[in-house]
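Listed in TrEMBL:
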DOMAIN    36-259  domain 'Radical SAM core'
BINDING   Cys52, Cys56, Cys59  [4Fe-4S] cluster binding site
BINDING   Glu151, Arg170, Leu221  S-adenosyl-L-methionine binding site
Amino acid sequence: MKVETRAEILEILKMPQQEYLAAVAPEARRVHQQENGGRLTATAMLGYSNVCKNQCLYCGMRAANSAVPRYRIDPRDVLASLSAAHELGFRRVFLVSGEDPKYGFDKLLQIVAGAKALGMSWVSLACGEYERSQYEELRAAGADEYVVKFEMSDRETFDRLNPSTSYDRRMAAIRSVKEAGLLLASGNIVDYPGQTLEQLAEDILLMKKLEISWAPVIPYLPAQNTPLAAEGGPGSRELNLKEISLLRLMMPRVNITAQQPGENPADGLASDDGNLAALAAGANFLFADLLPTAQAQAFRVVDNRITLGLEHIRDMAQRSGMEFHF
């Protein structure tokens, strides 16, 4: 199944769900099997700070959200957690934080170098917008991949929902990541209030154009105490699954997040049915959260973020018929 154009993307986005499930999702799963051996990859994830200076209208960690207890984890404690993860078999780690100017950049370099010294073969980061020279320092310290989500490809919408930055500044950061020699992970929010199918199609085309290594995409999930939550949501799970399949068909080797919501919102991103549906649609990545439960609940990018343990990922691999892989 060949999908390249905006019209072909829109055809699938508008397709009746049963037709999509019968024809498109199985083809996306077949492509993953053919190109990547049908692997489900487990990655350790650690949110080392939930302090953020930004005021994004959709994010639960926005600076104005006083309901969130804030924390910062010292580099020594981060590395102790990564050491424990390494002993369990993890070789990939995703380090994520709010855009926290008081968490020194030197500490981040220390964590990256320490992770590599522990034997982590893959270090991915999502810590905000930096200058190219800083991305180069991260790469020199051992970082492999950096996440800068464009969130929405529509410039006017981006500037409205992200008042602490701008579309131009975000795209400049994305270019800088690539120019620094890091792999770029990027993606969008699916079906946020007011998004059209045409805008969603443009998001997908932008991911293809950017030649991303990982697509950390999820449907819009309203977060408490955020302005956008009053405008509607949650986003369509069905559209999100279609996007996952489209990304697999258009970029066969890309990594795609399977940590997705299911029918019960209370399950958050740890939903068995949500994860299994995403895997059936062509996704291949699940995370084990290294944060203690209290802090994991405070890391409110979206609500109901529940720790995914290693056993959960193994269970998802077995139930989906995929090969578990560290």
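Cβ coordinates come from backbone N, Cα and C, glycine included.
For the pair formed by Glu151 (S-adenosyl-L-methionine binding site) and Cys56 ([4Fe-4S] cluster binding site), distance between Cα atoms is given as 11 Å, rounded to the nearest Å. Each residue contributes its Cα atom, and for Cys52 ([4Fe-4S] cluster binding site) and Arg170 (S-adenosyl-L-methionine binding site) these two points are 16 Å apart.
For the S-adenosyl-L-methionine site, whose annotated binding residues are Glu151, Arg170, Leu221, the maximal Cα to Cα separation is 22 Å. Reduced to three states, the DSSP call for Cys59 ([4Fe-4S] cluster binding site) is coil. When the alpha carbons of Cys56 ([4Fe-4S] cluster binding site) and Leu221 (S-adenosyl-L-methionine binding site) are compared, the span between them is 14 angstrom.
For Arg170 (S-adenosyl-L-methionine binding site), the number of other Cβ atoms no farther than 10 Å from its own Cβ, over all displayed protein chains, is 21. Across the structure, Leu221 (S-adenosyl-L-methionine binding site) and Cys59 ([4Fe-4S] cluster binding site) place their CA atoms 9 angstrom apart. The 10 Å shell around the Cβ of Cys52 ([4Fe-4S] cluster binding site) contains 23 further Cβ atoms across the protein chains shown. A separation of roughly 16 Å, to the nearest angstrom, links the Cα atoms of Arg170 (S-adenosyl-L-methionine binding site) and Cys59 ([4Fe-4S] cluster binding site).
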